[in-house]
Amino acid sequence: MLKFISLIFGLLIMSFLNEFMTFISYLVFLGLGWLFMYNSNLVSMSYFSCDSLSWFMVILTFWIIVLMLLSSHSYKVTNFFYQKFTFVLMLMLLLLFFTFTCSDLLSFYIFFEGSLIPIYLLIVGWGYQPERLQAGIYLLLYTIFASLPLLISIFFVGDYVGGFSMSLLSFGCDESMWVSFWFMFSIFAFLVKLPAFYVHLWLPKAHVEAPVSGSMMLAGVLLKLGCYGLMRFMMFFQGKVAFLSSVLVSLGLMGGLAVSFICLRQVDLKALIAYSSVSHMGLALGGLGSWGLWGYSSCLYTCVAHGLCSSGLFFLSGVIYERESRSWYYKGYLEIMPSMAFDDLFYCIGNIGSLWFMRFMMFFQGKVAFLSSVLVSLGLMGGLAVSFICLRQVDLKALIAYSSVSHMGLALGGLGSWGLWGYSSCLYTCVAHGLCSSGLFFLSGVI
Amino acid sequence: MASLWRVSSSLLSRLGGKQALATSIRCVSTSTDKKDIIDANVTTGPIQEPHRVTLSPEAKQKLRGEVKTDQWQSFGWSIESEAEDRRLMHYVFFCTVSCGIVLGSLIWAYLPDARGLDWAHREAYLQLHLRESEGRPLLDPNLIDPALIELPSDEELGDTKIII
């Protein structure tokens, strides 16, 4: 573990040496080295540890930092404080690496709060509008205010289990009194960070006012800090608060639904992506709230997938902003920039979430198995019916659209079978269909 | 279409129409006025066959991309120097795509027995084979000796919900 930390320290020092693009090669090779840690499950009493959860988050961090550097090349070209920018980026990398790999609760809290400083500097230093000052204040105050109960809870947990190590959390809590209140007290900071509905107001402000790289970091990694913290803390409370699962699931899902309606009203592209991030994280919260293994792992995969997808969408909105000087909802990009429009379509399909439906099904598996026959018949017969409609189409785009419905019907049929093969067939159908239909739509645009 | 028109007009004329039917209309403009459609090689007078556009050798070379011009399209990495722009483009794509994505996927795919999954499958099959050969049940219902399990009494449980 120390080799990664020392190399990241080295990168921090290198940020004073007028380098910019060379960071990419170092970060990529660091990330490749981190790949070999996949097998490790170091849950020791030392300061750093690594398990599958940390591994995913750290690899995501490395990748997002690379993308942030790539998207901010204009700072080097225009000589806009690029040395300080790379310093802030490397500081962010270091703090996030510490956050995800430390095995001490108090250290986790310090680095969790510490990661606010670089993102605040990014928003205030490299943001575009005067409103960024208010956005930075919202970001800081929301998170700091919400994490004070977390600090108190950490001291209480440390006193209860006899130490601050995260490995002690798995011994669980035996207290029945006030445990639900204690649970809510502990996870409030993570709910704000996630962000859950009702406490999500900082996110649209911060995302809109942040520069492209700041938005990518916020959406890509910093929201996942909330998920990560929730996943660690929930191990401590386990079965004692399982009756609160309905609260978390409804907060996640209904909040996500409400926010997705707000999405429909948005004019600003960045605000739209920000609200969609809230919706996706609501889904992740719903998965966590189910208290099942599948919901737990679905939260992790949603985090990784959303991190990659949202960062890509923010980058594309930045491309539009560079050309139009505002990131409003423009049309007609297939004519002017077809490659970018194709990328936009690809990321939007990913954002729509070919996989979200499977996550939803995952944690409801046992309860709605009786619906499997309905799902299979709806999927297959519906797909067959729609394919007949395909045959009558004259317009190429309508034909591709109906064929997409037919393919998704097939995926739904596979999912409804509740078997491993059906599930994996749905996954592959979604991925393959996402690639193929986006290619077909692009070609139809060319024609 | 024109043939249909001719047939119908001939039928009509046989039926008794003595009016001058437009049997010989061809909807082709023969006007020599300037037209809306731009034609590169418009010539007045009869069309000369073969009507081909000939290109000079320099134009052919340009079309094939064999001639280097002063005009170059930046990939976004540098707007002043073409060499710098190309260098950075190759560098970034090599690092991110070739090394990051391709090499990374290769490493991830071929990591040795990631998280002990292969071992677990192998061990499970070995255990199944062993138990089948010994005639033991495949899954012992008393995996943990019941004598070692201490359950709370009914008085201790009280109204506590049991969630299985």
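Glycine is no exception: its Cβ is also placed from the backbone N, Cα and C atoms.
Going by TrEMBL, these are the annotated features:
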type: DOMAIN; residues: A:1-99; note: domain 'NADH:ubiquinone oxidoreductase chain 4 N-terminal'
type: DOMAIN; residues: A:103-331; note: domain 'NADH:quinone oxidoreductase/Mrp antiporter transmembrane'
type: DOMAIN; residues: A:351-445; note: domain 'NADH:quinone oxidoreductase/Mrp antiporter transmembrane'
type: TRANSMEM; residues: A:7-32; note: transmembrane segment
type: TRANSMEM; residues: A:52-70; note: transmembrane segment
type: TRANSMEM; residues: A:82-100; note: transmembrane segment
type: TRANSMEM; residues: A:106-128; note: transmembrane segment
type: TRANSMEM; residues: A:135-157; note: transmembrane segment
type: TRANSMEM; residues: A:177-203; note: transmembrane segment
type: TRANSMEM; residues: A:215-235; note: transmembrane segment
type: TRANSMEM; residues: A:241-264; note: transmembrane segment
type: TRANSMEM; residues: A:299-321; note: transmembrane segment
type: TRANSMEM; residues: A:342-362; note: transmembrane segment
type: TRANSMEM; residues: A:398-415; note: transmembrane segment
type: TRANSMEM; residues: A:421-443; note: transmembrane segment
Open item on the list: Averaged over the domain 'NADH:ubiquinone oxidoreductase chain 4 N-terminal' (A:1-99), what pLDDT does the predicted model reach?
Closed with: 88
Task: Chain residues outside the transmembrane segment (A:106-128) and at least six past its termini with a C-beta under 8 angstroms from it - done: 47, 72, 75, 80-81, 84-85, 88-89, 91-92, 95-96, 98-99, 135-136, 139-140, 143-144, 147, 150-151, 154, 158, 164, 166, 189, 206, 209-211, 213-214, 217-218, 222, 225, 229, 232, 321
- [ ] Between the transmembrane segment (A:299-321) and the stretches A:52-70, A:82-100, A:177-203, A:215-235, A:241-264, work out which stretch tops the count of Cβ pairs under 8 Å.
- [x] A:215-235
Open item on the list: For the transmembrane segment (A:177-203), I need the partner stretch with the highest count of C-beta pairs below 8 angstroms, choosing only from A:52-70, A:82-100, A:215-235.
Closed with: A:215-235
Task: Beyond the flanks of the transmembrane segment (A:52-70) by 6 or more, those residues with Cβ under 8 Å of it - done: 20-21, 23-24, 27-28, 30-31, 34-35, 37-38, 40-41, 86, 89, 92-93, 96-97, 100-101, 213, 216-217, 220-221, 224, 228, 231-232, 300, 303-304, 307-308, 311, 315
Open item on the list: Please count the residues of the domain 'NADH:ubiquinone oxidoreductase chain 4 N-terminal' (A:1-99) that DSSP assigns to helix (H, G, I), strand (E, B) and coil.
Closed with: 74 helix, 3 strand, 22 coil
